[in-house]
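Undergrad: Please find one structure pasted underneath; my questions will follow.
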Amino acid sequence: MFSENYFNLLNNILFILVFVSTALYWFQLSFKFVTILNRIAEITSRFATLNIFLFLLIRWIEYGYFPLSNLYESLLFLSFILLFSYQLLESKAKSPIFGGIVLPIVLLISGFAELTLPLEMQKAGALVPALQSNWLMMHVSLMMLSYAILLIGSAFSIVYLVTFIVFKYTIRPFEKRYFDYQESMRGLVNLAKGVALTREDYKIRSSIQSSYACPEIISLNNIFLEQEAFAESARTNFLSQLDKWSSRTISLGFPFLTIGIIAGAVWANEAWGAYWSWDPKETWALITWLIFAAYLHLRLIVGVTGKGPAFLASIAFFVVWICYLGVNFLGQGLHSYGWFVNN
């Protein structure tokens, strides 16, 4: 028998691996020239994925059912899907930003599972009659898969909004920086030439299109404009990439959420005699579905991109957490077994 001490050891190792990998990814994003950090972070995260896989597999073999019967097991399963999904997306996009966004989420999940949940909640127990069904694997695994993918897509929308705000309000407007640059260059050119210009001279020569403009200022201004155009293009491309990754990821996760809800309704009819009971978990699952449906409607049907859909997806990020964790604090409804209320 695999004792609980070994399960705790695996979970501690997971937390350490995810912490190290998160730190390395953030260092890589800050210091892009140190490319070795990205490779080490990738290897560390793969060991973390393998660690969770072994944990879930051993627990499955040990207790004879798919390890999704309580909050502790579902948190680790969600962490596994998040790690696997980000590694798959990163291999396609070739960008360390996936790890920099997803791994902090996994770190918080693993820390919550290991440090916050009581030890009694971390132990496996006998399944209640309602969970003794083949629908357990299909319904819960599909919901966890959809949560993981939708959380990744929504996290990209949050990063999009934060980046947009930083670019718009923190970095000085182009016109202000351009004016300061012109004044600075005029001062340097005049100093080099030994020319003292009056305020009126500055007004006459304030435009580089003026026939009085110094050739040196024109050349320097052209260089400045080229640099600004390149920087503006890089910022626009970065925001466009975030928007595209968010849209594609949410488009992938939404069908899994839909199928998971339908599978849950069929299972509910078998277990409780009704397809839908409007308990807190079902209600918030429907709210989650409607928000992501609205997001995809805006993106795919209306054709809106940018801040509007990103704001909606950012709200959906927190709605997913309310649906997954928040309603379990209420201790009410048909989905309360195996969670906080029983412990």
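Every residue, even glycine, has its Cβ placed from backbone N, Cα and C.
Take a look at what TrEMBL says about it:
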type	residues	note
TRANSMEM	6-27	transmembrane segment
DOMAIN	68-335	domain 'Cytochrome c assembly protein'
TRANSMEM	71-89	transmembrane segment
TRANSMEM	96-113	transmembrane segment
TRANSMEM	144-167	transmembrane segment
TRANSMEM	249-268	transmembrane segment
TRANSMEM	283-302	transmembrane segment
TRANSMEM	309-330	transmembrane segment
Undergrad: Do any residues, 6 or more residues outside the transmembrane segment (309-330), come within under 8 Å Cβ-to-Cβ of it, and if so which ones?
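TA: Those are 71, 78, 147, 150-151, 153-158, 160-161, 164, 243, 246-247, 250, 280-281, 284-285, 287-288, 291-292, 294-295, 298-299, 336, 339-341, in sequence order.
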Undergrad: Short question: which residues 6 or more past the ends of the transmembrane segment (6-27) have a Cβ under 8 Å from it?
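TA: That would be 34, 37-38, 40-41, 44-45, 47-48, 51-52, 54-55, 58-59, 76, 79, 96, 99-100, 103-104, 106-107, 110-111, 113-114, 122.
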Undergrad: Which whole number is the mean pLDDT over the domain 'Cytochrome c assembly protein' (68-335)?
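TA: Taking every residue of the domain 'Cytochrome c assembly protein' (68-335) together, the mean pLDDT is 75.
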Undergrad: Apart from its near flanks, which chain residues at least 6 from the ends of the transmembrane segment (144-167) lie with a Cβ under 8 angstroms of it?
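TA: Residues 68, 74, 77-78, 81-82, 85-86, 89, 97-98, 101-102, 105, 235, 238-239, 242-243, 245-250, 252-254, 256-257, 260, 288, 292, 307, 309-314, 316-317, 320, 324 contact the transmembrane segment (144-167) from elsewhere in the chain.
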Undergrad: Restricting to the same chain and to residues at least six past its boundaries, which positions have a Cβ under 8 Å from a Cβ of the transmembrane segment (96-113)?
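TA: For the transmembrane segment (96-113), the nonlocal Cβ contacts are 11, 14-15, 18-19, 21-22, 25-26, 28-29, 38, 41-42, 45, 48, 72, 75-76, 78-79, 82-83, 85-86, 89-90, 122, 151-152, 155-156, 159.
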